[in-house]
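Here is what TrEMBL says about this protein:
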COMPBIAS  1-13  compositional bias 'Gly residues'
REGION    1-21  region 'Disordered'
TRANSMEM  48-66  transmembrane segment
TRANSMEM  78-97  transmembrane segment
TRANSMEM  103-122  transmembrane segment
TRANSMEM  143-161  transmembrane segment
TRANSMEM  167-188  transmembrane segment
TRANSMEM  195-215  transmembrane segment
TRANSMEM  227-249  transmembrane segment
TRANSMEM  370-392  transmembrane segment
TRANSMEM  398-418  transmembrane segment
TRANSMEM  430-447  transmembrane segment
TRANSMEM  467-487  transmembrane segment
């Protein structure tokens, strides 16, 4: 057998070439971390970019739900304004008093399923007036959200979620975070393809501006990758506008016109010039026990998904892993956010914005101040309705192109935690592969069954029970994360090598707030509030 060092001209490999990459508990290469904000002009532009990115979900969800409720374009514009306004408040609350991470809190697709169930409830079916029907359904949604918010408020502020998070290892975190990002694949290219002549150019330009141009034009390197979204959206938006006014879609199918044209949203005409959203603007909430249980299931799914996104955000902000007590505190404030959604009437619950988490990775700016500035933009443009509606009328395929990059970044953050694990262990391979596979396969079964039958696989006489189970098992991140967590904490757990194989020892010093000095720097509360609300 030949020796390691070759003779002749080639020479042997250096020892450094054979050394694995070192494990990093903080992600290197981040330009600005949580506590190091960019200069003010740059921070304002970056904040506006975060605002643009979160607009996609903020517009898509009400656009899908409000017409089913019976609402018109004016109602849709007001719901979008309200969702945007409350998202700004919730983002500020989370950045000041919650996890203190640069996490945007916005509308969540997780709450769409129980909302549709409320829309289809029998007691609204016989209402002849569409606007009255819209108001009644919105009040029913408000009541369900108010009740559902109690779950996260109690679980978070009581410290219960802190006890759950303490048993989270890098191995069980990896599938959870990976599926938080990769599990939203149906919102990526399938939505791009709804108007491929607009969505595909946005996707290609974004990759060119963010990945290729910074290496080709060295003088403007940090400008291209940091502001790629601000460069590419106006270019493709203008291109879409020229196609619209040029008559490219004059004879197209209604669905194509809706996705491609820049004048089909109805938001600019429907939005008031100035309007401040306020609690109970649709009337007093109504309560139904079954609908509240279904929304509570969605709240639990959002809690699990947000846990994964919070961990990804901490990674992209170059912070240390979240202490469980800080994560629990953030969950409690997210529950307060859902309560505000119910009080104001957004028609949708809140969770951590996955696309904005991906934007942190693209820009390599994890500054808390930038996200707080973006919250200011959310509140400002929600009050000035016409101006906000201009940006909200960007065609959805453009946002879908952004999702292809941002969701992929978040998914890759989950895979990054495998560096702490022993990937040569068959136990690791089983837990990782099995949880990822079931996380994709079980929700696919539930979604396919629902699309064919018109109802979920669980179809008993108790509609609230059906909704609860169908909501839980339709979330890829929830299914994969729960499977990984249970297996990781029960399978051969007490064997000598398992603790190291699952990477649990790497996170030992972050199990408590006080065992790592950097926790104070990243996660301490402002205004000396740590004295009154200590973290453990």
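Each Cβ is built from the backbone N, Cα and C atoms, and glycine gets one as well.
Scored on C-beta pairs under 8 angstroms, the neighbour of the transmembrane segment (167-188) with the top count among 227-249, 370-392, 467-487 is 467-487. Sequence-distant residue pairs (6 or more apart) of the transmembrane segment (370-392) and the transmembrane segment (143-161) include fewer than 3 whose Cβ atoms are under 8 Å, leaving the two stretches without contact. As a quick check, the transmembrane segment (398-418) and the transmembrane segment (195-215) clear the bar of 3 or more Cβ pairs under 8 A, pairs 6 or more apart, so the two touch. Taking pairs at least six residues apart, the transmembrane segment (467-487) and the transmembrane segment (78-97) share fewer than three Cβ pairs below 8 Å and do not count as touching.
In this chain, the transmembrane segment (103-122) lies apart from the transmembrane segment (195-215): fewer than three C-beta pairs between them fall below 8 angstroms, excluding pairs fewer than 6 positions apart. Note: the stretches the transmembrane segment (227-249) and the transmembrane segment (48-66) are in contact (3+ CB pairs below 8 A, sequence gap of 6 or more).
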